[in-house]
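Okay, so here's the structure we're looking at.
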Amino acid sequence: MGTASSLVSPGEVIEDAYGGEGGEACEIPVEVKPKARLLRSSFRRGPRVIGASFKSTGSVELEYAAEYERLRKDYEIFRVSKNNEITSMQKKEAKLDEENKRLRAELQALQKTYQKILREKESALEAKYQAMERAATFEHDRDKVKRQFKIFRETKEKEIQDLLRAKRDLESKLQQLQAQGIQIYDPADSDSDDNHTTVTTAGTQCEYWSGGVLGSEPSMGSMMQLQQTHRGPEFAHSLIDVEGPFANVSRDDWDAAVASLLQVSPHVSQSLWSNTVRCYLIYTHETKAELQTFIQTYSLRLRRFCEGLGHFYLNVSFPEEKAAVFAAERRREMERSSVCVLLLKSSVSSCVVEDVEEAFVKTPDARPLLLYLRTADRKGEKEEVSTLSPATRDLLERVNKADRSAKLKVVDHAGSVEEGAALIFSQLERIIKQELLGLELEENGVVEEREEEDSGDVLWDLHDEQEQIEAFQQACGAAARFSFQKYVDRLNDMVAAPPPTPPLLVSGAPGSGKSLLLAKWIELQQKHSPNTLILYHFTGRPLSTSTDPVLIIKRLTVKLLQHFWSISGLSMDPSKILEEFPRWLERLSARHHGNIIIIIDSIDQIQNAERHMKWLIDPLPANVRVLVSVNVETCPQAWRLWPTLHLDPLNPREVKSVISTECVSVDIKLSKDQEKKLEKHCRSAATCNALYVSLLARLITHFSTSWTLDRTLQQCVMCQDTVSLYRLGLKVALDSLNSDQEKHIMKELLCLVCASHNGISESEVLELFPDLTFPALISMLHNLERLLIITYACGLIRFQHSQACEGVNQEFLDGDKCRGSYREKCIRFFSQQLEQDRVTWRVADELPWLLQQQEDRSKLQMSLLNLFVSQNLYKRGHFSELLAYWQFVGKDKCSMATEYFDALKEFEKTCESEQSMSRLANLYETLGRFLKDLGLLSQAVAPLQRSLEIRETALDPDHPSVAQSLHQLAGVYVHWRKFGNAEQLYKQAMEICENAYGPEHSTVARELDSLSLLYQKQNKYEQAEKLRKRSVKIRQKTARQKGHMYGFALLKRRALQLEELTLGKDSTDCAKTLNELGVLYYLQNNLDAAKLFLTRSLEMRQRVLGPDHPDCAQSLNNLAALHSERKEYESAEELYERALDIRKRALAPDHPSLAYTLKHLAMLYKRRGKLEKAVPLYELALEIREKSFGPKHPSVATALVNLAVLYCQLKQHSDALPLYERALKVYEDSLGRLHPRVGETLKNLAVLSYEEGDFEKAAELYKRAMEIKEAEPSLVCGKAPSRHSSSGDTFSMRSPALPNASR
């Protein structure tokens, strides 16, 4: 570094650049700072003389000094800058230290705060747990106090009833004493009719429960026993007045009609035997071609059609050459057949004549009949007619003569075989649709009707109901073999005990006859107490559908809801179903004018019975009784404290009677030695068991070529219990078969039944075993049924008893070790149906359950993702079962939703036709409802919107199914509390329904109720009440046409069957049936038919019982109601007056039926403007109420209000005022100051004060009335049954509002 001068050696002389003189040499101090010019001079150009001057000799040090200075200067600058940086960094460091200290302090503060919060959280959690414990304790104490209060209340009510009864007894004795001493006794005032039929005084304990169950059946009018609960008759009657359509038909008539029409009685046969359309085909060898063509070409179409509606279809035919061998089977199948088809040409065989004689001649009205007569080709038709054999001509003449009602349908065909088969199919399809299933024949009418039925908010399974009906019928039939007289008497005594009463326990060993006793008792109750509502359930094999507690309670709840205006408020949540059943029971018990009995057979077989039946331990309402039967060995300990009726083994006399009766029925006589042998054998409890003795009798009387009577008897006495006897029965049944193939099939059949969920059907058996002929199957099943091994339930082959299943398990399945292989066989069978797109209720019931039992989770998930399987389960109300399957697979709610969405998207890609798009829309709607029930509201919107879009696009924006989608979507928004969106959708749905069906259709009423509930949630009570009233009016009108009950199609068919029962001689039973038919047709708004039957009933009762019998008053009352409905008030008035006159003379002065007639006659007088004539009737009704219930009962207040209203209409305000004031005091004392009845009475008083000019008082009273209305909106506008209900779109489920006092 430096300048060029640094290169000059020391001692050299450098010429002065300025030309100065030379001088002395001197040393330049290092400190001297050379000038910049000196440094720059070394770079100047030009010739210079370099000398060894003084300046040149000091230039090196000068250059170094300059360089040094420059470096020092740079260093100083660098040093200063670095010092500055260090100072800055120190300041930053100090600042960061301060920040660090601050943050450390904050951290310490936060840690302290965190510790404090943690301690507070722990203390809060501890307080929470303590609060929960206190709440649980409080809830337990509350429930205990509630139960104690309930017991106290009901005990006091019972005491009041007893006091009233004692009072009336004393009055009766006093009258008798007066009659003896003063002779003022008038027989016309007696409580007995001309036939000396006792009518129980109102309010006695016998009015709760009929004691005379075993006596001869009295006529309906002479044994009316209407229960008088603490609410009084006015509540029930006022409900009738509001609810109409049977506003003027007396409640005892309605209850009797419902009891005999809804509850299936054994003596009335069903149109379909065990849910199967059995087509009995009679043919000759000449018409065999038509039969084969029909079976091969058209039979499958009928089967698929019936399967789609939940029924089985079966062709029943016996080959002509083997028909004589199966004579017993032919008779049996003829009785079970739903429709009979005869195919004739020219000649007939003896077997054909026998079948035709049985079906077409002896019982032509028992089933629809179809005659196919094959003539020759058209060219030779005349010649062929003349070639009919004499036997054929005679047979046709007898058939024609027997067809008095012209029900026989004839197909006369002269064309080809294929055309003939097509004609048979066409007529048979029409018969099945119209006469057997009650469907309309309009184009696409059937499908639309089914969809409309499915669109309801309550989903339930017809097959469960059918199964229970058949179980009851079979138990009734089997009970006839035993004498249960002593047990029936004891049951009557236990049931008639004063409330509160815990459930009654019927215990016994398996097979002791518990089910038979309960069925017999139910049958007697239905016969003698038509006003009693009986709900029963018979459980089947363990793990079957009939043992599912959720399905059981749901079915019973639906049966309860039949007696409300709607059945659409039922939650789908399993826990809510179990929780809400006691509430519904209590609500119905408070309004039902009669008794309620719940009977559950084999309750210990129900899955987790003790946990799911907790409601049994709570006190029951006063008019409710519960009977349950249990196996004495498996009865829970907590239930053993209940009142118990134990069934003992049969005594020797009963054993001998059962065996003797069975032997006499088949014409077998036992020798003395054989009788002694049996008597010696049947001495232990196991061998005197009712089922054991019954099976023993069947085995002894069983016909078999390889088993003699002695051999059978010898083998039987070696069996010491029922299961071993069943195993012997299986061996006997096997040995009775002809071939090894049939024996193998029978083993396989029984093993498949054992492995299945609910059993298998006959048509499924024929599919599983193609080599098996129908006659061989029927013969095999007949033998097994006679040996008490199998039975039929809803078209399925099942075991009659659990011991039979255990016998098969031990004999054929090696103690359950081989059951898995048979389940796999069932899985393959139903999976094959699934692959063929045959998704029936059977596939949905069996396949998922079988896969679950086999623990095949992957295949189970695949079956559930078949959208039609899940849809079938969901739409039949098996929501809990569907959830259980998904839980078994290991999926939560969100995963289920995702899986279904993906499956639906895949299915949507394959949809092209209009029909497939309609099915897709149904699937989306089902998924939306399913997700809504799961509580996934946000995810439920998308499928419902997609369903709406598809229906609007594929069908029509104004199609009724679009309204259904709108309704369901609005329901989700209601749950979501998006009321504005919901209101818009409900209104749009209502507009579509009004355009499609008219303004008075049930779907319009549904939308009105939904809107009413919506307005109620928004506190718009006036709008809600207005819509609710409009809905009630619509339902009153449509109820006449739909019968109010969900089983209306069944009622319609029952009406035809009841008509057949009225064709016999005059009798009280026949007259009773005629009256019930009249009531039924009245409810259907078929007033002409109703008048015909009611008139016939009246005339028959007058002939049989006399014109002054109470039953005649009943018929007169109903005829009066009919004339009143037709606006024929003059005739109605005359009939009511005649009925009142009879009941005044025949019944007690305070009998409810008398009060009923008084009330309706008074209402008729008011309607006709005859107010003066109505006054004494209302006064008499008031007097009856006061005598029956005392002056402080709410029903007395209602009578006071009605009389006061009448006085107001007569402008007798001074007479009306004290009645209103007295009624107001009674209402306030008995119902509370905020009850709606108090508000209604205050409103009436306000109107009265206003009319008298006392405006200030009127304003005050009206203000109080409005305060009550606002305080109790749920009582005015209706209230949903549960805030946890899964359906926010449902309307009010409460009883209809009580009528205003101004009524």
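Each residue, glycine too, has its Cβ placed from N, Cα and C.
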Stated Swiss-Prot location of region 'Disordered', expressed as one of 184-211, 1276-1303: 1276-1303
Residues of the parent chain within Cβ reach of the repeat 'TPR 3' (921-954), under 8 Å, 6 or more residues beyond its termini: 451, 572-573, 867-868, 870-871, 874-875, 879, 882, 893-894, 896-897, 900-901, 904, 907, 914, 961-962, 964-966, 968-969, 971-973, 975-976, 1286-1287
Per-state residue totals over the repeat 'TPR 2' (802-840) - DSSP helix, strand, coil: 28 helix, 0 strand, 11 coil
For the repeat 'TPR 8' (1155-1188), residues assigned helix / strand / coil by DSSP: 31 helix, 0 strand, 3 coil
The repeat 'TPR 4' (963-996): DSSP-derived helix, strand, coil residue counts: 31 helix, 0 strand, 3 coil
The repeat 'TPR 3' (921-954): DSSP-derived helix, strand, coil residue counts: 32 helix, 0 strand, 2 coil
Secondary structure content of the repeat 'TPR 5' (1005-1038), with strand meaning DSSP E or B: 31 helix, 0 strand, 3 coil
